[in-house]
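Colleague: I'd like to ask you about the structure that follows.
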Amino acid sequence: MADRDTSTDAHKHSVFEELLSPSELFEARSRSHKIPVRGQKDFLPNGSEQQRARLQQSLDEHWTLLAEERVERLGNLVKAVWIPDERLVELQSPAGKFWQTMGFSERGKQYLRPEEALYLMECGNVQVFYRDLPLSIQEGYERFLSHETVTLHQYQVFGHLKRLGYVVNRFDPSSVPSTYERQLNLPASSWDKQRKQLKRKRSQSPVSSDKQNPSPVEKTTTEDQSEELVNASESPAGQTAPDPSLEESMQSADASDRTWWMEEDVQPPSAQSQSAAPRWDFSSISFPDLGSRRSRSVSLESPDPSLLPGALEVGGCDLSPWLRRLNVKQEKLSQRDRERQRERDRYHRDINSDREVRHCRNWAEYLQLVEDRRRRSQKDKPVHLWENEVTPLTQPGQCNSHRELLDQISIIKSSSLPEGVSSLSASDQWTISFDVYQPDTVAEFKKSQPGKPYTHMCVCSFDGPVPDLHALKQLSYQSGDVPVTFAVVDHGDISFYCFKDFKLPTDSY
Amino acid sequence: MEVNEDMDTKSESEHQPSKDALIDISFCGSTPLLWKVSDMKRCRSAGVIGALVGSLARQPRQNVRLGRPLELLQEEALLLEETSTAAASLQTQDCGDEEVHLEAVRQYEAGLESSYKEQCALALEDKKTVLRRIMDEKENGTDDSGNAIRDRLNALDQAFRFPLPAMAVQLHTARAGFSHCPEERSFHSTDWPVPRDERLNTRFCVYRDLRHKGFYLTSAGKFGGDFLVYPGDPLRFHAHFIALCISMDEELPLSDILAIARLGSNVKKTVLLCSPRSRSETEKDESVEGDVVYSSLQWSSMV
């Protein structure tokens, strides 16, 4: 190893020879900013002088471009400091134009995430200091990129997208609203801000998703309907199994509501009305049909006081305000629509016009009727087909359309991507790294309200495994209704892939 | 197959590891990177190309041409280390000695100060030159404006202001060495941050063999293979082959062979299946150079 005497400037010049002298720095103001265009390539080397000369010229151009160091006016540089404990870069002079899409404020100070700071260092906008000495880009790569912050591959994807103009943020799983929440389209409430706060402090760990709240069920018959809706929206819609405490409160609340729905001729079995019973007998409860044109009831009677808990006084319910909210107008169809409907209904048999079906008072009776009919019709079926263990999937005349037929004979049910996701375990290998927003939205981009991202980026490499169905399901679930793009890094080259859900057509129209 | 002239220079540099300082490979995670242009030049003369992955200093906001650092393939880094041309530099620790660090800060600030003074002087000279040139041009015309400019020129020494924010500073790409802590280097292959599994060994054998035959190689992930093989420098020539490295006893399904043959014919490159043939007895030294067997795929028409 060469003897390292680091005390003289001259030696520094030879060892770290990329130091520019002040005159060089001064001359750098008038540098060209154009990149030379590369010419056509040749097919075979033939040892000719012309080829050698061209190669040398290309190489010289190449080295000139690479050797050029970044020289900036001190006034244009934003000064910043690297804080290793927090793994953040704190700005010490006012931020420039980049503040519109990058960085965040906290406790009165402005911060940049390590990948953003490194990118800005490469662009020549920010000069980051550590212990009063400026960091070179090499030191930036070594210090800022790690498994806890952002890996080299992820940074390469980040840089690539930023150079194209996209706005790229780190992905935070808890900030993905579920489809239900998006449907409700709530304005940013204080709850949202609280979530963003958590997002800043621990940007990689998800917020705990089992937020308990008092009223889990939307009730349409109580006065404070709007309040209930807001409370219900706070609980993440992705919960599959309510825990016991929620279920109990649901039952006690519904015990009183149930009585609203009883029609006068059907008395509830007194056993179920006591709140101690954990299970209801749905077969004995009939729900009023307010929407169908056949129902004539305009009001519901007051329930039997013996069914109500405690000393509750409940009067009759007037249904007319509710009926008014329902649109029970006859649909007026155009001539073409009416024709189309006639075509569709040509072979349509209304199940309710069947007298026997009308006699059924609940589902159990109806299913019984269907079963009886089936057994009756079985008598004229060929024995050798239907009495063995293996029976045909469908009968002639049973189906009216291709789709029904295909449904009947499809033993392998087709599934869609979101199915069965809740039972999947989280995978460490496949995680979404970034939110990406489109470049043309930069003008109106607001860091506090970024809106729905254009896509979510998942970074992987050609050396690693191809994403399997488990990973795809889990990632698309985690991503909500935003598409997921895979950025595959191959030694500096980045390719983008995405998977699209596709439904095979099942019917012909 | 042609032998490049570069072979000669390479064998020369192989015999002088002690004269020149070794190339510095710094690892970011498990990826080897080169930062200094002199290192990159020496690498390229040894036939190692690498890929640029950083922003270009001249135009950072585009993806057409990238700049430093140069990312090396694992095989490239191994070859450089094997031929004693390079050594991995370990992560630098923070300078523990407070005195040394403060001295470094003092030196840095002194450097800035002197640079500022020099740039002031240069700017002043520059302005004077500009004014003199204007004056010369005006001499040919009317005299009045010439006088005004002469007055300005004479007053320049007092009136000239070069504010500190106007000073040009350099943002270093490679490590600038401000802090005086010596860099630690690792010279043992056992300290190599990447474990050598069988796949890496296979690829490395193929890489080394093709490199010795004078070809230039780069990564070929997008082409479904391991390496793209160029007859000359990739700056000037197109690749001829896509090399796929398979160990001798590995089984490859026919569908994979068909897929890569199709791909190769689409991009007009010949597909090479490469397998290192290890010498039978030696198993302890994995880097023993056996022969590498090459097979190329070609659609043959039977009409």
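The backbone N, Cα and C atoms fix where each Cβ goes, and this holds for glycine too.
From TrEMBL, here are the annotated features:
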- B:23-86: domain 'TSEN34 N-terminal' (DOMAIN)
- B:202-278: domain 'tRNA intron endonuclease catalytic' (DOMAIN)
- B:Y230: active site (ACT_SITE)
- B:H238: active site (ACT_SITE)
- B:K269: active site (ACT_SITE)
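Describe the structural surroundings of these features, if you would.
Modeller: In this model, the domain 'tRNA intron endonuclease catalytic' (B:202-278) carries an average pLDDT of 91.
Under the DSSP three-state reduction, B:Y230 (active site) is assigned to strand.
Around the Cβ of B:H238 (active site), a 10 Å sphere holds 17 further Cβ atoms from the protein chains shown.
For B:K269 (active site), the same-chain residues lying six or more positions away in sequence with a CB closer than 8 A to its CB are B:F223, B:L228, B:A239, B:H240, B:F241, B:I242.
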Colleague: Give the residue counts of the domain 'TSEN34 N-terminal' (B:23-86) per reduced DSSP state, in the order helix, strand, coil.
Modeller: 18 helix, 21 strand, 25 coil
Colleague: State the count of C-beta atoms found within 10 angstroms of the C-beta of B:Y230 (active site), not counting that atom itself.
Modeller: 21
Colleague: Using C-alpha atoms only, work out the spacing between B:Y230 (active site) and B:H238 (active site) and round it to an integer in Å.
Modeller: 6
Colleague: Looking only at the domain 'tRNA intron endonuclease catalytic' (B:202-278), what are its DSSP counts of helix, strand and coil residues?
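Modeller: Looking at the domain 'tRNA intron endonuclease catalytic' (B:202-278) with DSSP, the answer is 27 helix, 22 strand, 28 coil.
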